[in-house]
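Following: one structure in structure tokens, then a few remarks.
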Amino acid sequence: MSGDDIKAAAAELAAVLADMRAGVAFTGAGISTECGIPDFRSPGGLWSRNRPIDYQDFLASREMRAEAWRRRFALEPALGGAKPGRGHRALSTLAGEGRLRGIITQNIDGLHQASGVAEGQLVELHGNSTYATCLDCGTRYELDWVRARFEAGQGRAPDCAACAGPVKSATISFGQPMPAAAMARAAALSGACDVFLVLGSSLVVWPAAGFPVQAKRAGATLVILNREPTELDDLADLVIHADIGDVFEAAMAR
Ligand SMILES: [Zn+2]
């Protein structure tokens with residue numbers, strides 16, 4: 001997209017944002033690419049080369065649990081050092097002004113929290129990879145704790161110190177049930193917003209596509225900002241195929 005096209009798109013987005021009073025944002029991998037976070041699902045992305053470990057395999061095998069932790073630690077240079085991007089910062093500003101009610105995210109990178117968005121305004125559909133929990137008792141563990149145990153045990157996946165249950169990154173794996181509370185909060189937000197902003201999601205992963213449809217049916221203005229066409233472009237009131245950071249930076253400067 002040329003500079004003039006970015007300006008024109010930013011003007012259209014700014015006009016929607018100016019009238020927004022109770023917006024909801026839905027974010028996917030595209031908002032974090034400028035932060036150096038790999039898009040696991042993209043062609044050539046991590047998951048096309050390294051099939052994700054599904055939940056049943058993680059539970060069934062200590063070796064799979066160790067492999068899951070080896071992979072997670074291998075990602076730490078990218079995930080651990082990442083800083084929020086221009087899209088994250090714009091949403092944080094809008095949330096702080098009270099014009100954005102909530103952010104529903106498919107991302108597991110913790111960058112919305114890092115940009116200053118309160119936990120109460122954030123719904124993480126796929127969990128969070130920046131810490132771990134015991135699957136049996138829910139005790140939270142920081143990654144440093146897991147790594148120290150992992151290394152002390154010569155690569156053995158650590159168990160919960162409280163109940164000896166399996167400790168897993170706090171993400172939702174393939175085959176793992178979607179978190180009911182997060183799904184309910186996302187549905188409640190989607191059904192009661194005036195603007196629904198889809199940012200950096202191709203909307204192909206269920207249940208992602210359901211929320212914009214729900215918002216649109218409830219009367220919201222639907223905006224889709226994504227580099228590539230999405231499944232729901234035909235339904236949207238405003239579609240912008242461009243870089244999220246470029247467009248938001250220009251829109252917020254207006
Ligand atoms: Zn436990």
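Quick reminder: no glycine exception, Cβ is built from N, Cα and C everywhere.
As recorded in TrEMBL:
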type     : residues                       : note
DOMAIN   : 3-254                          : domain 'Deacetylase sirtuin-type'
ACT_SITE : HIS126                         : active site, proton acceptor
BINDING  : CYS134, CYS137, CYS160, CYS163 : Zn(2+) binding site
So for CYS134 (Zn(2+) binding site), how many other CB atoms are inside 10 Å of its CB?
-> 19
Go through CYS160, CYS163, the listed binding-site residues, and name the one with the sparsest Cβ surroundings, counting other Cβ atoms within 10 Å.
-> CYS163
Around CYS137 (Zn(2+) binding site), which residues of its chain at least 6 apart sit with Cβ under 8 Å of its Cβ?
-> CYS160, ALA162, CYS163, GLY165
Could you tell me the C-alpha distance between CYS134 (Zn(2+) binding site) and the residue listed as 'active site, proton acceptor' in angstrom, no decimals?
-> 16
Rounded mean pLDDT within the domain 'Deacetylase sirtuin-type' (3-254) lands at 93
CB neighbours of the residue listed as 'active site, proton acceptor' within 10 A?
-> 20
Those same-chain residues, other than CYS134, CYS137, CYS160, CYS163, found with Cβ within 8 Å of the centroid of the Zn(2+)-site Cβ atoms are LEU135, ASP136, GLY138, THR139, ASP159, ALA161, ALA162, ALA164, GLY165, VAL167
